[in-house]
Every structure is written in structure tokens, then in C-alpha cells.
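Engineer: Sharing the features that Swiss-Prot gives for it:
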BINDING   145-272  nucleoside 3',5'-cyclic phosphate 1 binding site
REGION    320-357  region 'Disordered'
REGION    370-392  region 'Disordered'
BINDING   591-696  nucleoside 3',5'-cyclic phosphate 3 binding site
REGION    659-945  region 'Involved in the binding to lipid droplets'
MOTIF     932-937  motif 'GXGXXG'
MOTIF     959-963  motif 'GXSXG'
ACT_SITE  ASP1081  active site, proton acceptor
REGION    1271-1317  region 'Disordered'
Amino acid sequence: MEEEKDDSPQLTGIAVGALLALALVGVLILFMFRRLRQFRQAQPTPQYRFRKRDKVMFYGRKIMRKVTTLPNTLVENTALPRQRARKRTKVLSLAKRILRFKKEYPALQPKEPPPSLLEADLTEFDVKNSHLPSEVLYMLKNVRVLGHFEKPLFLELCKHIVFVQLQEGEHVFQPREPDPSICVVQDGRLEVCIQDTDGTEVVVKEVLAGDSVHSLLSILDIITGHAAPYKTVSVRAAIPSTILRLPAAAFHGVFEKYPETLVRVVQIIMVRLQRVTFLALHNYLGLTTELFNAESQAIPLVSVASVAAGKAKKQVFYGEEERLKKPPRLQESCDSDHGGGRPAAAGPLLKRSHSVPAPSIRKQILEELEKPGAGDPDPSAPQGGPGSATSDLGMACDRARVFLHSDEHPGSSVASKSRKSVMVAEIPSTVSQHSESHTDETLASRKSDAIFRAAKKDLLTLMKLEDSSLLDGRVALLHVPAGTVVSRQGDQDASILFVVSGLLHVYQRKIGSQEDTCLFLTRPGEMVGQLAVLTGEPLIFTVKANRDCSFLSISKAHFYEIMRKQPTVVLGVAHTVVKRMSSFVRQIDFALDWVEVEAGRAIYRQGDKSDCTYIMLSGRLRSVIRKDDGKKRLAGEYGRGDLVGVVETLTHQARATTVHAVRDSELAKLPAGALTSIKRRYPQVVTRLIHLLGEKILGSLQQGPVTGHQLGLPTEGSKWDLGNPAVNLSTVAVMPVSEEVPLTAFALELEHALSAIGPTLLLTSDNIKRRLGSAALDSVHEYRLSSWLGQQEDTHRIVLYQADGTLTPWTQRCVRQADCILIVGLGDQEPTVGELERMLESTAVRAQKQLILLHREEGPAPARTVEWLNMRSWCSGHLHLCCPRRVFSRRSLPKLVEMYKHVFQRPPDRHSDFSRLARVLTGNAIALVLGGGGARGCAQVGVLKALAECGIPVDMVGGTSIGAFVGALYSEERNYSQMRIRAKQWAEGMTSLMKAALDLTYPITSMFSGAGFNSSIFSVFKDQQIEDLWIPYFAITTDITASAMRVHTDGSLWWYVRASMSLSGYMPPLCDPKDGHLLMDGGYINNLPADVARSMGAKVVIAIDVGSRDETDLTNYGDALSGWWLLWKRWNPLATKVKVLNMAEIQTRLAYVCCVRQLEVVKSSDYCEYLRPPIDSYSTLDFGKFNEICEVGYQHGRTVFDIWGRSGVLEKMLRDQQGPSKKPASAVLTCPNASFTDLAEIVSRIEPAKPAMVDDESDYQTEYEEELLDVPRDAYADFQSTSAQQGSDLEDESSLRHRHPSLAFPKLSEGSSDQDG
């Protein structure tokens, strides 16, 4: 205790001393700091500077030192800087390896498609929320023909609607009871029954609430005044029901007030008959003669019989008032087979004939017709035609493709031309003109005049014309010899033919056959061709004179002129069509429905009962399948002419998918009961159905696992385009991302490229306003605009809609009409989302959208595509287009149009990116697929050179293993020579033994670590992304984690090329950066992925196989094998050599079993053009023989491609899959419906139309056609559209082909006077 007391004072003293020492040190430091600060303030630092001469000397010496050391650097004398650089690189590489730094590549974010793409609207037809009465809505929804009335007319009809209550079993009408009415079921269920010959009743259709029962043919009978009771059809209530009944007599009052509406309604009924009834029964069920009544429907020719027999044969009389003066040449040449055809055969096989007179004769006729003459139309008659979109007659003329000029310009009317007389020479292959005068008139010609006048009187009786002068100048008498083909099935320009003497045989081509069957005979007093004239649709049969025949002919234009003055003439003509239909067609007319589906509405849902089959008439449908986990997947899309739901209906299975409308669509509905009745009545229909199902199964077998139309059948003759969403595209809308996008130039370039595939129409808001009036986009004219746009789809291969830069009514219309929307942006701009895109995203737009990025020719390569796509979950794909300089030229619209006027006169470049886009949009893409095979793949580089030299375009590239490497180079490089250099450099690097030795590792997973191989691949492609490639590309790998094939279309290019080349045992599997799955060489599962390219939309796949061929001639060693015996056979030089696989070879063959089977399927498919260079002598690692192997591939490619060119394979590749390539670009430009006879174009050639009634294909093409007017007349003989570019009354008649029945005559040169017949 005492020691502790002594220590405490000492510790206290030490602490006090330490504190004093610290305080003293702090005071000293503070004092020194203050003195130092005062010293600095007292003496400021002097500011030194260089004198100017010293500065010049300093920089001069520095520059001289650089110059002095530069030569030493160039000759590598100074090793120190290079050594430092190498050391720095090695240190950085070592640090990366130690620290495992990984470069982050931009990745495409996986996004679910927008709900509007895969989901149908949940709300069905809403009656409660409408301001109209339910009965009115039901009637308007069901009866297609009523939609063609204006609102006041329709409401007036609805005044006649009555309610009828039915008990179970009660009949609406029974056989032999007249029931001229339209019935709509408000609640309950009706059954439509057909009575068989044995008296049994068959239910062909069940009518549920909201559906209707009516026969448009029966309604037409009421309208024409020929009502007749139904002999075999009855309708009864299956349960207590309430129906709405609209008597057909209510139509009479409306038609008396609005006679033009009569024309329109009759035309729609005729269109339904041809499009719905004949399409379903003939094209799909193969019925021909069963559809027509072969009994004579002739009227007695009282006037003709009263004229004395005898007439001058083979003369054509257009009138008796005026005659042609004698021309300088009595005979002119006639194109024997304009547009191409096949030689005629005996029997019903007919020669092709086009109704076009010789150019020289046409010129003389036009000169005569320019003189004023009799027959001028009545100035008080109403106007019609495309420029007059406000009248029903104008709408009817639009559908029939007839242009009736304003009566203010009588000189331009077809009817205002003086009528002439032309004689067809005796020799069928020549056409001569007969000069006549009133003084030299022969007895024969006077008799023909008498017969002509008498025949016109009989025709007046049949057509029920009140004014005989309506036929003056509009009817021609033709005398044709035996064997003459008057008109051909599929011809657009039809005429009404009234037989006076002889017979006209009517033939129709059998489905799936080259044979024609005779439908019926047209006897004296009967008409033929009136259905095609009324509807404007192509002819559904061929008309041929098997014996000498005389008949009156009224062209389509003349008939519509008559109809404009007396609309009721349509009733008599339509009645002759109905009388020609068989009783079977009348029965089926009750069962068939014409259905309109709004965008987003489901026609059926997955799991529903399959009670009918649908046929696409217009629009677009999408099929979506719901998986067990609730996820939805796109199963396919359907376009015009496709069969929908036929498989489930025939197999009586529930609906496998949900099908909804992408846009407003029209469908024909064939109930299952009606199909059963048809099969019972005509058993041959079963054979046709088996054929359809067999095609479906065969297509599925050839395709393998596909993603497209799982349950759809395409149209007759088309291929199974199962995975291509661009199949059957009819309309494409283009819209800009920003105002800087040259959208007008882009649309014109695309139209130019599409014109090489088929007739193309470009529509803009200005164009629509010019053609249809400034009020065409108003809601009042909604239906008329939709109808007119639908007609443009009928007549063109594809219609382009150019949207405005903002969300205008026209932009909304473009989106509504589009099967596919192209969003156009500039690739060199910052990735952004346009305001127009944001506005559209808020609406349910179901059309698939594609992103199109434009690039300049001299600009940088595509980059940052991933950023563009990540901003747009609604885009299903993208394309990069390298545009010519003219696209980005800053020209005013007139100058731009003037420039493209010259562009359209040249054929498009098939290798341009715009042509690639055109082929993709029309389903005509050509894919290049490269197989795996190690060093043998160097031959693919040579084949690519031959491919370019032979002019074969490539729209898609895919590959496996070495094929993935070569394909990636081809897709990235636009220059072949540069691609070859890069491929050769890489191949030379693969021969380095030192690099291979340094990459060796302990062989647990593989012999090599893969680092050296990775660096060689990365040195070729750098940081390139698959999305940035010029040509769409995919690579194939084998996912050993999921035991599945992987198709890579996005991500790091070098990564997936390396994965596709990872041979088992040599390289370790590569981990997919997306999901961590292990990826191996794609050759194990699909070494030649032609089927993948096909499923991605290719029409033709060029497949280059370089794989090794296995030895198949192996030794049969029995049921046991001794390794010692094999060792003895191998070591003993005197023993017979045996071929037995070792363990490694057996494992390799097992790995490639799936690949070999897939290769055989691809080689046997009809879409694949298989190519294999002779490279079996080279091994997998012979990369040192790059030049030699490449040359082998080049020589083989040139040989094969030359054979393709001579045999027509190349032509078949470039031909449109929906039919032969229509015209050259110039022909399409002159007349976009080049395969049709456009009467508007005919008249405009004689007299240019008023600006308000322009009938061009776009506002840009107006200027184009002005220049083409100066082309010599003889040049038009080379176009198939000749008949659409000249106008005269003789358009259909004077150009009839007069040929020997069994000979096809070559073309005659101008001035030739004779030809052997």
C-alpha cells in the first residue's frame, strides 16, 4: 500500500511534463508557420517565360529528334520501345487471366411479344353497348350483301323486319314452299336440311343465335322476278327460337328509288357466287360439271330465223352506217401467240389465246376511231369510274375494272367512236381488213347485215332492253372457224357472247390435272361470259368453237355503258347466270356463308367444336397455340386463298389452336354438315380431300419440326411455307422513325424492287385524295374506301401503304390495312423510338412489325442494332439495307419524281438490298446453307465466288461448324475478295503446330484448352454482333445440357461461331452466356441445316455439303470379334486386310446418327438445291491446302450453276412462288395490272383523263407514264399488257386467234401476207 502511494506522485509528474513538452512543440510549429507565410508574402515568386527565339529553338530541336529516330523505328533498329510495348501487352494479358476479366457484350433482351400479337379480343359482337337496335345489328352483321347499302337505304329496309316465334320442330319453310326472305336467329337454333333423292333429310347447317339463313341466289330470283319454290331445302327450329325476317320483296322499293344500287347488289351476289361458291366447290373439292346445268337455256331466235340463210363467213360487223376506207396494206401480221403459250392438242386441250390485234392494224383502227361519229352517249347520264367514288355504279365499275369517262369529253368515250367493219381473213394466222363501200356492197355482206340486225333484235329480247339504240355501235358480229379459242380460263378481259349459229364449247381445267372437261354447250340463243363481265373477276372457264360459229359480242366496257343508261339490264343478264347453275349449287348456297371478321376477333378458339372449314377471301388470320404451361406461341398465319381449320373438321377433333383476324378479313364458311352431304352425293370429293391431307402430311414430313401453319392448307399448287410469316402478304405499310428518314425515296425504291416480282401499287395520302377525292378519308366514305382498297389487293401482287409522318387518318388506315408494318430508321443515327411508334403502341396493332435500318453506301458498317431492338419489344425482326446515294439525295418532290421516272425504266438489281427485302416480303427468299467438314469447308469459299459470278442472290445465310465460320464472313463482308483474304489468313493460322502445342492441356474434357482457338476466331470477327450483319444469319450448335439443337440468330458472332466449331474431344464445350448451357459442334445434330432455313422463310435453299463420307463396305466378322485376331490381321503383311471400326470410330458414328438422317431428309426435299464439291480426298485438318480446295469448289460451282442456268433452275428460283413472274419492270410501270386488261388505261391512251380522275398507280407514276407515251407503237407488242394500252371498239373482237386446231403458229413479221394453215 505504501509503494502504491509513492508511485502515484511520480506518474502525475511524468504526465504533466509530457503535456508541457507537447505544448511547447506546438507553439514552435505555429511560430515557424507564421514566419514562413510572412516570408512568402514579402517575396512573390518570379514568373519566368520563354523568349520567342528560345521557344522556336526548343520545338525545332524536338521535331529534329523525332525525325532522327523515325528511320530507326521503321527498320526496327530500336528494339527498346517495342520490347516495352510487348511487356505491357503481356502484363495486361496476364492480369486478365489472373483476375478473369470478361468483356460485356451487348445482349438482346428476351421480351415477350405484345399481347395484341398473340391474343384475340375477349369481347365478342357487342349488342348491348350499341346505339342501334339489336335486330338491326344482327341483320347488318350477318347478311353480307346488305353492307353495300348506304345507311338511309339500309334503315329503310329494316322497316320491313318482322319477328317470328318458332316452336321446336316448326318449319320456317318446307320443300316446295316459297320463302323469299332473309332470316336471322335472335335466340335459339335452326337446322337447314336438304332432301336426298331417297327422301331422307340431311342437316347441312346449324344456325345459332346471331347467324342467318338465306340464299343470295334465291334473293336474286325475287329481284329479277323469277321466284320459284325450294324443291329440296327446308329450315326448321331445333329448339324454341326467335328469328328476324326480312322479306326479299322489300328490295323492290329501294331499287326503284336507287337503280344504281341494284347494279351494285347484283354484282356482289355474282361475286359471292364466283368467289365463295366456285372457290370452295371447284378449287378445293374438285367439282366441275356438277356445278352447272347442261340443259339448253336458249331463247328462240325469231328474228334470225326469219332472215334467209346464207352469209359471208368470217366477217366482223360493227355497224351498218359507216365503213372503213381501203387501207394501204390489205393484210397485216398477227401475233400468233402473244405472251407465250403451249401448242394445242387434239380434244379438249386448248391453245392459249390473247385478245390483242396486231399493232399495225390497231394503229389504223385508232386513226379511224379518232374521227367523230354516231353513238355519242347521252350527256345527262351519270358519271362513273374510279374518279367517281360516290356512286354505286362507280363502285361496280371499279370492281369490274372498267373506266367510264365523263360525258363532258365525248371524244374520249369508247362509245363515241365511229363503228367500223373489219374482216378476218380465211387463214387463221393472219388478220386482214376488208375495204367496203356502199356502192360495192356484195350480196353476201347484205345478208350478213340482215342477220346482224336480226340477231340484235333477239339480243334485245333476252337482255330486256327497252331502247334498241343502246346496242348501236356496242355490239359486234363475229364469225370464227372451227378450232378457235375465243377466251381462255383466267383471262381478265371478258366479253358477253350471244351465239347466233353454231356452238361454243365451255371447258374447265380439272384441279391437279392438265386436262380440260367440257362443262356445257352454248347453243344459239344462249349467252356465255356474263358472270366474269358482271364481277370483274377472271374467267373460270375456257370458251372454244369446235365448229364454225357466229355470235354477237359485247365487251365489258360497252356493257357497262349500256348499264349506265339502263341499270335494269343487269337483271336479265344475271338471271341467265342463275339459270345455268345446277340445283346442287342452289342447295349449297344455303349452307355457304360469307363472313366478315373485324381485326382482333377470333373466328374460333382452342378447344372449340370443329363444325366448319374457312376459306380466306381477303385479309389475314393468325393461329396461336396455348401450351400446357399457359404460354402462347405463334403457330402460323394465313393469307388469301388458304384453308383454315380443315384438318380438325375432317377428323372431328376439337380446335387445336385459336385463330383471330390480324386485320379486317373476309372468309367463306363451309359447314361440316354440308361437307358430309357433298361427300355422300359425290364420292369423288373424298379423293380430293385425301389428296389435300396427303399434301399436308407430306409437307410436314419434308419439313421436320416446323413452326408454321400446323393446321392450314395453302392454295392449289403452292408450297408448304410453314415457318414464313411473309407467306401470302398482300399489303405492307411503311412508316418512319423520325422526320429525317427519306420515306418517299424508300417507298419508291421498294416499289421498284417489288415490280420485278409482280404488279405493285404504292398508295399515299396525296395519291388517294387525287384519285378518290379530298373527302375519301372521311368516316362517311369508310365503306367505299375499304372496298376500293380491297379491289386493289385483288389486282396487285402487293400493295404498299406509305404512312404520313404523324398519326393522321391516313396513317391509321395504313396500319389497319397492313399485313406487315415496316418501321424505317437511319442506321447512323442514335437509337430512338419515334413518336409515331409510341402512339401506335398504345393501340392494339396486330400486324407483325419489322425494323428496317438504312445505311449509306460509303458509310460505316451496321452497329448498335441491339440497342434499336431492345427499345422495341413489338418488332419481330430487322434488316439492314445499304441504299444507293439517290435515296439520301435532298431533292424536292418534283425532282425526286423526275429522277425515279428514269430509275423505273431500268430493271431492278437483283443483288441490291431492296431486292432482298422484296423477296423476303413476298416469300421468295433464297437461303444459302453451309455444312460442316473442317478444312473441306474451304471449298465453300470457291463456291461463293461462282455463286456471285452466276448472278444468284442470297437473302439468308446459315451454317454449321466451318460452315458457320464461312457464312459469318459472307454475311459480314460485302466484298468477296476481302472475305477470301480473311478466310485464308485464318486457315494459315490453323496450320501452326506451335500454337496447337501451346494450347495442349491435361485431357480430362478435351485435348486442347480452347484458348488459342478462341483467340484465332476472335481475331477474325472482333466484337461483331450477329444482329449487325448485312445478311440475316444463323448458326447451329448442339446443346448437350438440354439435348437439343440450338439456332442462334443474335449475340456475339465469334462466340457462337466458336461454339458451332467445338468438336468433341478436341475443344471443350462453350458455356452459353445467356443461360449457361454447354454448346458443342452443331454437326452432331444437323450438319446441313436447310430445314432450319426453310422454316425461317426461305423459298429455295442452296445447300453446300462438305462433310466426310463414311465407309460402308465393312467386313462381316460374324457374331463375335477378337481383338487379338484384328491385331494379327493388322500386323501380318500377308494376311487379308479387314475393315472393322475401332471404338473411336464407333463413337463418332453414333454421334452423327441424327445428323445423317436429317441430311437424307433435306436432300430429298423439293425446296433444297443440294451441292457437294469433289473434296473427299482432303482431310479435316488440311487447312494448308486452302487455295487448292477453294479452286475445286469454284470449278464445281461454276459447272453446277451453268447447268442450272441452262435447265431453268435459276429461273425457277427467281420466279414468284404465287405464279410466274408477270412482267418486266417497264411493263409493270406502264400498266401495273399488266396481266389484266385495264379499260381505264385503254381510254386514257386515247384521251388523257382529267386531273381529278387520274387512274394511275401512284402520284409518282403519273409522270412516268407521260414519258412512255412517246414509245413507238410496235414496242408494245413485246408486253403482255398490250391490250391494256390501246383502246378501240374492236378490243375483244377483231383480235380473236384463228388457228388450225392442232398447230401453233410462230409470230409473223410486219407485212407478211401469208402463213401455212
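Using N, Cα and C of the backbone, Cβ positions are placed for all residues, glycine too.
So where do these features actually land, and what's packed around them?
Structural biologist: DSSP gives GLU177 (nucleoside 3',5'-cyclic phosphate 1 binding site) a strand state.
When secondary structure is read from DSSP and collapsed to three states, VAL647 (nucleoside 3',5'-cyclic phosphate 3 binding site) falls in the helix class.
Remark: secondary structure over the motif 'GXGXXG' (932-937) totals 4 helix, 0 strand, 2 coil, with classes taken from DSSP.
In the predicted model, residues of the motif 'GXSXG' (959-963) average a pLDDT of 93.
In the three-state DSSP classification, ASP1081 (active site, proton acceptor) falls within a strand. Here the Cβ of ASP1081 (active site, proton acceptor) has 26 other Cβ atoms within 10 Å, regardless of which shown protein chain they belong to.
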Engineer: Tell me the Cβ neighbour count for LEU675 (nucleoside 3',5'-cyclic phosphate 3 binding site), meaning other Cβ atoms within 10 Å of its Cβ, over all protein chains shown.
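Structural biologist: I get 21 for this one.
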Engineer: For ALA209, ALA591, ALA661, listed as binding-site residues, tell me which one has the smallest number of other Cβ atoms within 10 Å.
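Structural biologist: ALA209, out of the binding-site residues ALA209, ALA591, ALA661, has the fewest neighbouring Cβ atoms within 10 Å.
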Engineer: Select one residue from ILE161, CYS193, VAL647, LEU689: among these binding-site residues, choose the one with the most other Cβ atoms within 10 Å of its Cβ.
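Structural biologist: Result for the most crowded candidate: CYS193.
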Engineer: Given the binding-site residues ILE161, GLY225, SER241, LYS257, find the one whose Cα is closest in space to the Cα of GLY619 (nucleoside 3',5'-cyclic phosphate 3 binding site).
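Structural biologist: Nearest by Cα distance to GLY619 (nucleoside 3',5'-cyclic phosphate 3 binding site): ILE161.
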Engineer: Starting from the Cβ of GLU177 (nucleoside 3',5'-cyclic phosphate 1 binding site), draw a 10 Å sphere and report how many other Cβ atoms land inside it.
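Structural biologist: Around the Cβ of GLU177 (nucleoside 3',5'-cyclic phosphate 1 binding site), 12 other Cβ atoms lie within 10 Å.
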Engineer: Hey, how far is GLU177 (nucleoside 3',5'-cyclic phosphate 1 binding site) from ALA661 (nucleoside 3',5'-cyclic phosphate 3 binding site), Cα to Cα, in Å?
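Structural biologist: With the alpha carbons as reference points, the distance is 39 Å.
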Engineer: What's the CA to CA span in angstrom from ALA591 (nucleoside 3',5'-cyclic phosphate 3 binding site) over to SER241 (nucleoside 3',5'-cyclic phosphate 1 binding site)?
Structural biologist: 19
Engineer: To the nearest whole angstrom, state the Cα distance for the pair SER241 (nucleoside 3',5'-cyclic phosphate 1 binding site) and ASP1081 (active site, proton acceptor).
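Structural biologist: One finds 67 Å between the Cα atoms of these residues.
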Engineer: Out of ALA209, LYS257, ASP1081, which of these recorded positions is nearest VAL647 (nucleoside 3',5'-cyclic phosphate 3 binding site) by C-alpha distance?
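Structural biologist: Sorting the recorded positions by distance from VAL647 (nucleoside 3',5'-cyclic phosphate 3 binding site), the top entry is ALA209.
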Engineer: Could you check which of the binding-site residues ILE161, CYS193, GLY225, LYS257 is the closest Cα neighbour of ARG605 (nucleoside 3',5'-cyclic phosphate 3 binding site)?
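Structural biologist: So, spelling it out, the nearest of the binding-site residues is CYS193.
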Engineer: With LYS257 (nucleoside 3',5'-cyclic phosphate 1 binding site) as the reference Cα, tell me which of the recorded positions ARG633, ALA661, LEU675, LEU689, ASP1081 is the closest one.
Structural biologist: ALA661
Engineer: Please report the DSSP secondary structure of LEU689 (nucleoside 3',5'-cyclic phosphate 3 binding site), reduced to three states.
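Structural biologist: Reduced to three states, the DSSP call for LEU689 (nucleoside 3',5'-cyclic phosphate 3 binding site) is helix.
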Engineer: Counting distance between Cα atoms, which of the recorded positions ILE161, CYS193, ALA209, GLY225, ASP1081 is nearest LEU689 (nucleoside 3',5'-cyclic phosphate 3 binding site)?
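Structural biologist: So, spelling it out, the nearest of the recorded positions is CYS193.
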